[in-house]
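Trainee: Relevant sequence annotations retrieved from TrEMBL are reproduced here:
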type: REGION; residues: 66-98; note: region 'Disordered'
type: DOMAIN; residues: 109-505; note: domain 'Amino acid transporter transmembrane'
type: TRANSMEM; residues: 141-165; note: transmembrane segment
type: TRANSMEM; residues: 205-224; note: transmembrane segment
type: TRANSMEM; residues: 260-280; note: transmembrane segment
type: TRANSMEM; residues: 300-320; note: transmembrane segment
type: TRANSMEM; residues: 332-354; note: transmembrane segment
type: TRANSMEM; residues: 374-399; note: transmembrane segment
type: TRANSMEM; residues: 427-444; note: transmembrane segment
type: TRANSMEM; residues: 450-472; note: transmembrane segment
type: TRANSMEM; residues: 484-503; note: transmembrane segment
């Protein structure tokens, strides 16, 4: 009797401990999610999904322990621990619905203002520094495109969230999907149930890795232009930046890095204000006659990719909407965040271009006088280096989960040992990814070209093409005629812009690659 009582008390203690762990994990998830306050919120949103899976695993501990109380059967070893490193997968008998229901009870929620803060910083990060360069090649049409991209991305964000919901037998609208990948898989089912998810994952990995490359490129570019008298080339500065970033390969979590994210973003807003203030001080010299309605046919498609890339946020919106206290406020939140982004981006791009006109450079801070350029650029380099781990870690997680930890479908053996430690060859692959970003930055050190290519390829796909296509596929029977018209128009226009921008950006990159190879 004493043994049975001791066993029950132990199980109850385990249940309480696991519940408190689940709450603490939820607290950290909320802290980490809200701290992801720049353009790589897409990466951190993925980390939030991973943390949700971790919390589901902790809730499965509760199910198992409570089951042992009722049935008296102790849980099998290895079945009650689910770790992010994949050393203990969820038991196959576990119901996905039960996990989702339990994890949703202790899941931290955020307000519409907090959600708007995440979206605002996702679409107004440091890559807005390339927008004046887009006005250089597009004139007033470039300004129109900034407005048009804001309207379209706001609309596609809303219809993407609509794809998460379906009407049940009682006529109620319920959430039946949790992520962009779930939507993609639902569109390809039943013939190819995992094809859509793989396409989205590939696009996400490309965007995350390209973001890492852009950080290395912009770090080398800013340091070289800040200290032109030093005998250090831009390539050498990129190598130095990568040496600083190499410890990212040893990252286990982003708690330490995320603490600096908010400060970096606030610093970036201050830098934007400083740039605008300097431009306003030269308002008498603004070159209004330089802003025309003509476009540079060869370079304007690259500008399209730059503008689209600055608005990318769709990949993390499902996770964000699922974490809101009142999901009904999502549409209103999307409206005011994109209106604010449109106004700020348009003003920043126009004012900066009017100040420097035809001398506008790929990164606008390079146009600042040498007296303040070095200080501003050093802050930007610090922000870039501290932001690099976010997309890098998210890309690593996606690669490890899909290639090394996907159960029987994994292409390679698990890169983690039985004790949860990363194996030496797994660490080598992480280091190789860091080195790959360096090599790309060295051979193609062109910020605008890389940004245009990424925006045309993955940005247009994830923000324009796929949301409109998924909306038509999943909800076409319930759509009004104007929704169908908008979806088809966005798909066609987005496809044309994507192909055009990709071809011109790729041509520019190939030419730049050949030039650097000859040098």
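Every residue, even glycine, has its Cβ placed from backbone N, Cα and C.
Quick one: where do these features end up spatially?
Mentor: Packing against the transmembrane segment (141-165) from elsewhere in the chain are residues 123, 131, 134-135, 173-178, 180, 182-183, 186, 293, 295, 300, 303-304, 307-308, 310-314, 317-318, 321-322, 330-331, 334-335, 338-339, 341-342, 345-346, 349-350, 463-464, 467-468, 470-471, 474-475, 483, 486-487, 490, 494: each is 6 or more residues past its ends and has a CB under 8 Å from a CB in it.
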Trainee: Does the chain bring the transmembrane segment (484-503) near the transmembrane segment (300-320), so that three or more CB pairs sit under 8 Å (pairs 6 or more apart in sequence)?
Mentor: yes
Trainee: As a test: from 205-224, 260-280, 300-320, 450-472, pick the stretch that has the greatest number of Cβ pairs under 8 Å with the transmembrane segment (427-444).
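Mentor: Going through each listed stretch, the top one turns out to be 205-224.
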Trainee: For the transmembrane segment (205-224), what are the same-chain contacts with Cβ under 8 Å, counting residues 6+ beyond its ends?
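Mentor: Residues packing against the transmembrane segment (205-224) from afar: 39-40, 42-43, 126-127, 129, 232-238, 240-242, 245, 312, 315, 362-363, 365-366, 377-378, 380-381, 384-385, 387-388, 391-392, 394-395, 398-399, 433, 436-438, 440-441, 444-447, 450-451, 453-454, 457-459, 462.
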